[in-house]
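Colleague: I am attaching a structure below and will ask some questions about it afterwards.
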Amino acid sequence: MSSWSSAQFSYHFHGLSESFYRGVTPSPLSHPHWVHWNREFAESLQLPTEHNTEMLNAFSGITLPEEFKPLAMKYAGHQFGYYNPDLGDGRGLLMAEIKANDGRRYDIHVKGAGLTPFSRQGDGRAVLRSSIREYLCSEALHHLGIPTTRALGLINSETLVYREKTETGAICIRLAESHIRFGHFEHCFYTGQHEQLKELVEHTLRNHFPECQQQEKPYAAMLQQVVISTAQLFAKWNAFGFAHGVLNTDNMSILGQTFDFGPFGFLDNYDPSFICNHSDYQGRYSFANQPNIGLWNLTALAHSLSPLIERSDLDDALALYEPELNREFSRLMRQKIGLQTKQDQDPELFGEMFALLAKNKVDYTRFFRQLSMLDSQGIQPVIDLVLDREAAKIWLDQYQQRLTLEAQSDAERCEAMRTHNPKYILRNHLAQIAIDKAEDGDYSEVETLFTLLQNPYDEQPEYDQYSNLPPSWAHELEISCSS
Ligand code: AMP
Ligand code: MG
């Protein structure tokens, strides 16, 4: 195929036995067209930097190039705490793997490709609105420094898809170094396929955790790595104010990356009880509960590995979670407020800061960004973000006292802080504006947000209004799973 003749494709997952997937022919979208193409990423994969019709047809199921060998993965998982054996790629297909210039190998997964044997009652499609959200958010997280799947391209079509209203079928071309989920292992375990469980663990070790192969107990070493990377991921989400929304074990990447974007949300005002998923009635996946759920999900994974790893090694691996989560969260929060040394009073300083933010519903992202401007703009703009101005002054006083124990100058500290506290995040209302325009056929706002969020830590004064507090209508936005 001429358009991607220099790209290098491979098919490692395809080498697994048939209990792991079914071959599926994608169902073509009607009149597909490009919404966006991630040029920089494409270039790193030796794909054309400009999108073209040949690739459009291949990704939307109109043609099937020889490089693509589409398959739907079989997996299971715990959804909202209950085991569901019947999951699998119900609308996404793994086409091939592709090698990047830096040596990494990515799965090419086409989300919204039509029915598969695992579609259950679903229609195999993804609507434009949820595809835009996944496309923008995965790239936004990547540029913030949060591990995540990536997005290569976004396609819309004239295929009608019926949700609460009639929408159009879209495709998000998702790339990840692996699409193996906790639920893949659970599937083998709960169906009693212990040989296949071993096959999958060996495959995962060889392809994704090669350094563990040298260890005395490679399987246990791999689980330890998964525990550590998951703890770090969950710490990052909470430090950046990100809520995933549907932390079922089928949405947990074995690589500790943000995976399967649904009704996610960034905090606007700081609210630990924030529930971004309108259908999560009990708040199982609330912002504050995310860290607990990380451990719950890892425990489910460990249980499914119990035929291969001794009980004491499972326990030892799981015991790494909490200290790693706390270590990483505290490292990130110290960076956010610019502390290089550790002092006895720090827990109190942080405790009072979080209490101030919660009580006054302070905008989480703006607070830290403004704190990073203390050198040039002083304390007044920080105070202005807090309803109880006296309480803000008391905390700022405490903070400034604490800063006298640091060696850095104000300017040095603030400059470093601005590399840890983004000015721009994908707030729900920003995504919604881009979606509303796109549904009217205008994709310019998708392009604008994509570009803006590639440099979330830069001032980009021309985009200043994108860092504003959300408008009042944003509080009424309800995001649910019907994507
Ligand atoms: P999710 O909530 O997106 O993580 O999906 C949970 C399960 O439902 C997975 O097995 C998906 O493949 C499947 N699924 C979600 N949406 C659809 C759809 N529109 N058609 C078919 N399967 C779907
Ligand atoms: Mg999912």
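Glycine is no exception: its Cβ is also placed from the backbone N, Cα and C atoms.
Annotations per TrEMBL:
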type     : residues                                          : note
ACT_SITE : D250                                              : active site, proton acceptor
BINDING  : G88, G90, R91, K111, D123, G124, R174, R181, D260 : ATP binding site
BINDING  : N251, D260                                        : Mg(2+) binding site
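Set these features in their place in the structure for me.
Modeller: Remark: D250 (active site, proton acceptor) has Y75, A76, G77, H78, Q79, N84, L87, R181, F182, G183, D260 as non-local neighbours, by Cβ distance under 8 Å and separation of at least 6 in sequence.
Cβ contacts within 10 Å of D123 (ATP binding site), excluding its own Cβ and spanning all protein chains shown: 17. D123 (ATP binding site) falls outside any helix or strand according to DSSP and counts as coil.
In the three-state DSSP scheme, N251 (Mg(2+) binding site) is classed as helix.
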Colleague: If you count CB neighbours within 10 Å, which one among the binding-site residues R91, R174 has the smallest count?
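Modeller: Comparing Cβ neighbour counts within 10 Å for the binding-site residues R91, R174 gives R91.
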Colleague: I'd like to know which of the binding-site residues listed (G88, N251, D260) lie near ligand 2, counting only a CB under 6 Å away.
Modeller: N251, D260
Colleague: May I ask you to report the DSSP-based helix, strand or coil state of R91 (ATP binding site)?
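Modeller: Once the DSSP labels are grouped into three classes, R91 (ATP binding site) ends up as coil.
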Colleague: From D123, R174, D260, which binding-site residues have a C-beta atom under 6 Å away from some atom of ligand 1?
Modeller: D123, D260
Colleague: Near N251 (Mg(2+) binding site), which residues of its chain come within a Cβ-Cβ distance under 8 Å, counting only those 6 or more away in sequence?
Modeller: G77, R181, H244, F259, D260, G262
Colleague: How many other Cβ atoms sit within 10 Å of the Cβ of G88 (ATP binding site)?
Modeller: 24
Colleague: Among residues G88, G90, R91, K111, D123, G124, R174, R181, D260 annotated as binding ATP, what is the maximum Cα-Cα distance? Answer in Å.
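Modeller: Spelled out: the longest distance between any two Cα atoms in G88, G90, R91, K111, D123, G124, R174, R181, D260 is 22 Å.
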Colleague: Relative to the Cβ position of D260 (ATP binding site), how many further Cβ atoms are located within 10 Å?
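Modeller: D260 (ATP binding site): 22 neighbouring Cβ atoms within 10 Å.
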